[in-house]
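According to Swiss-Prot, the repeat 'Solcar 1' annotation covers 5-84. Residues or ranges marked as repeat 'Solcar 2' in Swiss-Prot: 105-189. Marked as repeat 'Solcar 3' by Swiss-Prot: 211-295. The transmembrane segment annotation in Swiss-Prot covers 11-36, 59-85, 111-136, 164-187, 215-241, 270-288.
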Amino acid sequence: MANTTKTRTHLIGGFFGGLTSAVALQPLDLLKTRIQQHQSQSIWSIVKNSKGFSELWRGTLPSAIRTSLGSALYLSSLNLMRTAIAKSKTNYNDGASKSSLLPKLTTYENLISGALARGAVGYMTMPVTVIKVRYESTLYSYTSLSQAVKHIYQSERIPGFFRGFGPTLVRDAPYSGIYVLLYEKAKEVVPKLLPRKFIKFDKHGSYLTSTSTLVNSTSAILSACLATTITAPFDTIKTRMQLEPKRYTNVWFTFKSIIKNEGILKLFSGLSMRLTRKALSAGIAWGIYEELIKLNKF
């Protein structure tokens with residue numbers, strides 16, 4: 001019963017962390033998709049040509065579904081995997097730091113567990129990702145999610161819902177592996193860099209909620225920035241393949257086509273939007289997740 005409750009706690013923490021970040025940051029995701037779609041439009045021109053302020057939240061429902069469920073599945077799967085690895089050691093320790101209750105692993109173990117968990121969950125949520133990207137773009141005039149599902153199925157059948165999984169996997173698996181690795185390292189370094197007045201302890205020697213939230217969110221933001229920059233080209237390739245599947249048929253062709261026709265810097269188009277969104281999303285989601293885990297410890 002304890003294991004079930006613990007897993008449920010991670011599911012709930014991941015769900016609400018992902019849901020909050022998805023709704024709050026949807027405009028950044030939409031702008032990133034449209035910047036990658038168009039070769040010359042600026043952020044300002046896209047905003048100016050939008051059909052009102054609410055247009056910036058177009059695609060929020062599929063985004064919220066994908067992010068909340070994906071985050072819940074990912075974080076609970078990641079925890080199960082990391083806990084199993086940690087328990088297999090003779091010197092098992094279920095608390096990584098004063099700011100966290102997550103297991104402490106080696107650099108290599110954090111990298112591998114993060115990548116494997118993300119790859120598996122990414123495949124399960126791929127259909128929602130495809131619907132979200134097309135719903136956000138201006139290439140498709142979908143008026144409802146059901147219309148998007150029907151159109152994709154009629155024109156591309158089941159494979160259409162998994163369009164772009166290759167570059168998505170190549171982007172998300174390394175991203176998550178690198179992120180988890182950096183995040184765990186950052187939680188050790190950030191407290192040493194913060195002014196002493198921000199570091200406060202409770203009677204048990206753990207950080208107060210305000211301190212742990214600051215440490216965890218700051219660590220998440222810094223880690224997300226670096227991991228996002230490294231994997232940015234695959235995000236552009238993924239988006240092109242999902243928006244124009246008949247033109248961009250595979251990862252290698254898409255990569256060569258973008259470099260030949262638009263230049264290597266185009267592979268990093270939308271990076272500012274993705275960087276901002278991923279950093280803020282990580283800060284919000286992991287900050288909420290870590291604290292909910294502590295509140296619901298059994």
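Cβ atoms are placed via backbone N, Cα and C, with glycine included.
Each residue of the repeat 'Solcar 2' (105-189) gets a DSSP state, and the totals for helix, strand and coil are 71 helix, 0 strand, 14 coil.
Each residue in the repeat 'Solcar 1' (5-84) gets a DSSP state, and the totals come to 69 helix, 0 strand, 11 coil. Just going by CB pairs under 8 A, the stretch in 59-85, 111-136, 215-241, 270-288 that sits most against the transmembrane segment (164-187) is 215-241.
For the transmembrane segment (111-136), the most Cβ-contacting stretch among 11-36, 215-241, 270-288 is 11-36 (pairs under 8 Å). Secondary structure by DSSP for the repeat 'Solcar 3' (211-295): 75 helix, 0 strand, 10 coil.
Model confidence over the repeat 'Solcar 1' (5-84) is summarised by a mean pLDDT of 84.
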